[in-house]
Amino acid sequence: MNVRTIADLGPDERAAFFDRDAGVDAVRDDVRDIVSQVHEEGDVALRRFAEEFDDVSVGNIDITDAAERAYEEIDDDVREAIEDAAANIRAFHERQVPEDWRDDFEGRELGRRFRPLDSAGVYAPGGTAAYPSSALMGVIPAKVAGVEHVAVATPPAEEVNPVTLAAIHVAGADAVYQVGGAQAIAALAYGTETVSATDIVVGPGNRWVTAAKAEVRGDVAIDFLAGPSEVMVVADGDADPELVAADLIAQAEHDENASVVAVTDDADLAEQVVDAVDEQADGREREAVIRAALDNDTSGVLLARSMSEAVLFAEEYAAEHLSIQAADDESLLERIPSAGSVFLGPYSPVAAGDYATGTNHVLPTGGNARVTGGLSVDTFVRSTTVQRLSEDSLGDIADTITTLAEAEGLDAHAESVRKRFE
């Protein structure tokens, strides 16, 4: 990782930062085949893929009972941490629950009604690292929304990570299945002999998971298509380079394809961050993953000519995680509307939101924060508009309705209004 100047970036260098994608094209055909086999063969396909991809011979696909046992068996301090994080996540998401309303609009009674989806499927990743926190982030908003049946799929293993299972139990999931990857998404979307089909499938995962979500979208709802983790730190000259570096390293350890970027208008800070990143990466448990992420074309320390240029770059980037470590952080925040989740000040590490502040860490990547937000109660709620008109209030707008209907050539629409006054 080295310092590059924004103004000096060539077209290809600049495009690397903004043309981030989930990398699904390379696996799309294989994923389509996996999804098709699960759809057609059910549990047989799930067991076959567990052998092929996870090197595991799966007995019971449904391991719901194992989640409760894991909760009892894990270390007390880990159990307490899970419960504390869950309480914070639940409290934050309870503030999001929408309320039905009806109002009078010149005699027309109009309103909105909110109802939860009937079922939801949550993917809790495994692979190179287990993510019990993702189980909390996916299940809790669904249960807060009132979803009756929430199922979790997590990759199979000789022993599925007990901390992940305990987190699934604490979150309140109704069913747990040991199935991973694209085949898990297909199972949650279409159902098998063991796995119940759900109305929506949510949760982060690798490019196979993301490609599968793209494949089933249309037959089932999804949250969004997420790619590798990313963070952008916008910092002024007063920022602590050690803290900036720590936040970059923390996201880099997720995935060798992660994107980690710092932007500053202070040349000294930029060089200090580069040095601090190199020092802090040394000796970390996932150092190889970290250094691979740091070497990506989508990672770097960028020097801006001014904070205004830094802000413009950050807004165009639309980071999954945006950390603002600057004296006027609130002012800068107002100028960067596009970000999945924002962390203000030196004592708001991105890791806090990843685990325990209560906000959700399932967030849009690849610039999609320009048009959508992260996982929330809204993800699991459907809204319906409601209207009741009296004879008088319908009469007030009858001419408007009939005139517009006839202008569109839909005379039956117009007649359906006139009939009420015959």
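We number each residue from 1, going along the chain as drawn.
The backbone N, Cα and C atoms fix where each Cβ goes, glycine too.
Feature annotations, courtesy of Swiss-Prot:
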BINDING   Y123, Q183, N206  NAD(+) binding site
BINDING   S229, Q251, H254, H321, D354, E408, H413  substrate binding site
BINDING   Q251, H254, D354, H413  Zn(2+) binding site
ACT_SITE  E320  active site, proton acceptor
ACT_SITE  H321  active site, proton acceptor
Candidate recorded positions Y123, Q183, N206, E320, pick with smallest Cα gap to S229 (substrate binding site): E320
Chain-internal residues, separated by at least six, CB under 8 A from Q251 (substrate binding site): S229, E230, V231, A258, V260, A293, H321, V350
Between H413 (substrate binding site) and Y123 (NAD(+) binding site), the C-alpha gap once rounded to whole angstrom: 45
For E408 (substrate binding site), nearby residues of its own chain (Cβ under 8 Å, 6 or more apart in sequence): none
Neighbouring C-beta atoms (10 Å sphere around the C-beta of E320 (active site, proton acceptor)): 30
Cβ packing number for H321 (substrate binding site), 10 Å threshold: 26
Y123, N206, S229, D354, H413 as binding-site residues, winner by CB count within 10 A: Y123
Residue pair E320 (active site, proton acceptor), D354 (substrate binding site) - Cα distance, angstrom, rounded: 12
Sequence-distant neighbours of Q183 (NAD(+) binding site) in its chain (C-beta under 8 A, six or more apart): I34, V35, V38, A45, L46, F49, F53, A212
Cβ atoms near H254 (substrate binding site) (within 10 Å, other residues, all chains): 22
Cβ-based neighbourhood (8 Å from the centroid) of the NAD(+) site, residues Y123, Q183, N206 excluded: P125, A153, P155, G180, G181, A182, A184, I185, G205, W208, V209, A212
C-alpha spacing of Y123 (NAD(+) binding site) relative to D354 (substrate binding site), in angstrom: 16
